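Structure record follows, encoded as structure tokens.
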């Protein structure tokens, strides 16, 4: 046994060390930036060290567990632990947050508060992925909201207060359902609340109650991982937020919803999940097509990318709904893959906005002459987003396809229909991403203007783009090192469905 509290340190370190920022001198922008990047890198190294040396990949049980009594009054524990499903998102969080702090260098307004909020988000994002207690999960889930709201309402675009209020209403409204579900599961059948994930996983409920719990949790996670009717906060939020915030939102915040669906709805409520999974697949297929056909109609660049990320979330929903280990592994891979690609697209959109100060796509054009490096990286990531073979998006979507095909739950005709619909979505994806490239970079519109104020991406921006590009290509060529994390745990989760 390893008794050193690795996970507590990993969760608590960013927000505690980040609160020291307020003791820094008010004018030291450079010091604050370097301090934040330094903290993020230390945290990432800590995480990789703890996972590399103290985590056994072939063990599907919860590892690195910690269990401290926190509040005696109502049996509230500080329970942490990770397994194959949560190790991927945690590493993704560390990676994307480090790059997002690097991306936030141009920010000079209130930089102490900004960097503290970035580090607080870091803690609030690792928290849900590593908590093994339902109430702790809820608290960490809520901890995320305040930094995002402040980052939106202080450093956003023109309509920032509107979008920040919309975000907080949607997510807090979803969290109410999450809290009801958590308390319902915790208080069912006993006087003291039982909030441990492992004991709740072995608990069996009456079917009606389980369906009610399922619907509550599903609404909460459907707001975060935007599922179709509840997705409207996302384009507004992404359209207004500063692009470093966008990287965190698209890269990690959306993945918390998918993680919650796998962790709570699949593991704790298997009967209800096997009832609801056909509907999940239908919703996912509709969402892929709906978002991919809404995206070309968007005038703003960031809103177009936001709709594309809504469309990619449909694959995760379908992978979770196809109750097969191939499909669930594909959903896990799509979580990681879209975390990289979405963050990179928002970063590049933000850097090009820094150059030309234009928001609408109709006003852009001919930028490829002035900023060739940004043009190259943007093209590469657009190709990755439309699932070019050799990139991670292709592997993930292909494996979700295979997951539907090999699923023992559905009939052949339904499989053919679903795959037909998904294929239409895959055809619609190049339409919006390539038309976005054409409107931005080709043509003569800005080329005739004075090009003297254009300067291409510097070493910092190139570093961010390339460090996101490398894992995307690596996963595309050799996806096995992502599967090796989750494959045993996925089998353990799905054994609930076929042993009953």
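Cβ atoms are placed via backbone N, Cα and C, with glycine included.
For reference, TrEMBL has these:
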{"type": "TRANSMEM", "residues": "6-24", "note": "transmembrane segment"}
{"type": "TRANSMEM", "residues": "36-56", "note": "transmembrane segment"}
{"type": "TRANSMEM", "residues": "76-105", "note": "transmembrane segment"}
{"type": "DOMAIN", "residues": "131-415", "note": "domain 'NADH:quinone oxidoreductase/Mrp antiporter transmembrane'"}
{"type": "TRANSMEM", "residues": "135-155", "note": "transmembrane segment"}
{"type": "TRANSMEM", "residues": "167-191", "note": "transmembrane segment"}
{"type": "TRANSMEM", "residues": "211-234", "note": "transmembrane segment"}
{"type": "TRANSMEM", "residues": "246-264", "note": "transmembrane segment"}
{"type": "TRANSMEM", "residues": "276-293", "note": "transmembrane segment"}
{"type": "TRANSMEM", "residues": "305-323", "note": "transmembrane segment"}
{"type": "TRANSMEM", "residues": "335-353", "note": "transmembrane segment"}
{"type": "TRANSMEM", "residues": "374-404", "note": "transmembrane segment"}
{"type": "TRANSMEM", "residues": "416-437", "note": "transmembrane segment"}
Other than its close neighbours in sequence, what residues sit by the transmembrane segment (76-105), given a CB gap under 8 Å and a spacing of at least six beyond its ends?
7-8, 10-11, 33, 36-37, 40-41, 43-44, 47-48, 51, 55, 57, 60-70, 114-115, 118, 121-122, 125-126, 129-133, 135-136, 195-197, 242-245, 247-248, 251-252, 255-256, 259, 262-263, 332, 335-336, 339-340, 343, 347, 350-351, 460-461, 463-464, 467-468, 471, 482, 485-490, 493
Who are the chain neighbours of the transmembrane segment (335-353) in space, where the CB to CB distance is under 8 Å and they lie at least 6 residues beyond its ends?
88-89, 92, 96, 99-100, 103, 238, 242-244, 246-248, 250-252, 254-255, 258-259, 301-302, 305, 308-309, 312-313, 316, 359, 367, 371, 374, 377-378, 381-382, 384-385, 391-393, 395-396, 440, 457, 461, 464-465, 468-469, 471-472, 475, 482
Name the range, of those listed as 6-24, 246-264, 276-293, that has the largest tally of Cβ pairs under 8 Å with the transmembrane segment (135-155).
246-264
Of the listed stretches 6-24, 211-234, 246-264, 276-293, 305-323, which one has the most C-beta pairs under 8 A with the transmembrane segment (374-404)?
305-323
